[in-house]
Amino acid sequence: MGQAATHDANNYTSINYTEIYDVIEDEKDVCAVADEPNIPCSFGISLAVPEWEAICTAIILTMIIISTVVGNILVILSVFTYKPLRIVQNFFIVSLAVADLTVAILVLPLNVAYSILGQWVFGIYVCKMWLTCDIMCCTSSILNLCAIALDRYWAITDPINYAQKRTLERVLFMIGIVWILSLVISSPPLLGWNDWPEVFEPDTPCRLTSQPGFVIFSSSGSFYIPLVIMTVVYFEIYLATKKRLRDRAKATKISTISSGRNKYETKESDPNDQDSVSSDANPNEHQGGTRLVAENEKKHRTRKLTPKKKPKRRYWSKDDKSHNKLIIPILSNENSVTDIGENLENRNTSSESNSKETHEDNMIEITEAAPVKIQKRPKQNQTNAVYQFIEEKQRISLTRERRAARTLGIIMGVFVVCWLPFFVIYLVIPFCVSCCLSNKFINFITWLGYVNSALNPLIYTIFNMDFRRAFKKLLFIKC
């Protein structure tokens, strides 16, 4: 009885160990499928893939590296050499191009060798620095996209105030924050937050740490938080642009109705005429605006678009050779005309001595981007031409805003397509022990993320006329 019991117990124990052993072996077999064998080639080195595949892979990846380097260098040179692009907000694009350029120079070449050879032959210290640069440069590229989205959001939703706040110091400060955050996110593995082996053999894989805490920390800071910010910001940009379209349509409708009720005219200058048209003595000075007089039977309607400074003005006389032209110096903020205030006042113009003071009060100031000359026409036609000109400039301004928002949306869409697969796998692997993916698949989603650094300059070239012209100029291509 006791012997039978012992036999049954031994049997039970034996069966249990056998089952556990079989499960372990099965898991090893499953993961072993993911490991690519080293294949000898005619060059005398071992490859992770067949020779023809290694050659094709090397050619394709080298082309990606070259296009990334050339494209981002062109972006940087364009901003510094092409005058229309030499504006403060484009320093964000320069920072993005620098991040993408460092990815192409410091990260991609070693990854090409690692992908083809199937083993890391550069030592443990190069491995650690390479992985750190990989995280830092890719994070910087993503955070720069986030900064560009925020900059565009503030420029569209609060153009007047943000135009004053958007100084070189502020932009450089934001860029500095981007790079500091990238360094903070990428450096913890160097300080001990890793699961790297202490002894690094030739066949030891050089991989990102799979420490769960760091994976959550780095993936959140590098991708998921910026993704949420960019999604919210882009949605707000869409709503703001849509609202401005509706407001612009309403304003156009109101101005059309009011133009039928009130009679606006521009008069030739006359020394004795109180309602003369004033302009800058020098048409190259863009700080002020021409003033038009609004006449009504009972009272003058005054509507001001105030500039920062009042330039020196002169009143034209009949002997002035230029009195047949209406010169409108234009000063624009964000390429649009903004109503700052509206005031209705009744003015008595009883004497000629105070006619200039009255003229200063009962005027409409119009500001825009460049000096424009309008030939003398009949009074009503002149007024219609001025308002048509303003409406056209407003329409062009809004078109530019929509185009910039669309470009930002395309950049964000490409960013999500390129990086989302990698960060999903990166976040899942530490928590899924039985998930064994092939090296080819890992290399594919990794390089899909790297391709984002090559696509950003192409997006600028396709959707931005100024960058397109700058690229042609740098490449000596006649427009």
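Any Cβ shown, glycine's included, is placed from N, Cα and C.
In Swiss-Prot, the feature N-linked glycosylation site is attached to one residue out of Asn16, Asn381, namely Asn16. The record in Swiss-Prot shows differing topological domain names for Asn90 and Cys432, meaning opposite sides of the membrane.
For the annotation N-linked glycosylation site, the record in Swiss-Prot points to Asn11 among the listed residues Asn11, Asn348. Just going by CB pairs under 8 A, the stretch in 58-80, 91-112, 130-150, 171-193, 408-429 that sits most against the transmembrane segment (219-240) is 130-150. Within its own chain, the transmembrane segment (130-150) has Cβ neighbours under 8 Å at 92-93, 95-96, 99-100, 102-103, 106-107, 110, 122, 174-175, 178-179, 181-183, 185-187, 189-190, 206-209, 218, 221-223, 226, 229-230, 233-234, 237, 408, 411-412, 415, 419, 449-450, 452-453, 456, counting only residues six or more beyond its boundaries. If you take every residue in the topological domain 'Cytoplasmic' (241-407) and average the pLDDT, you get 51.
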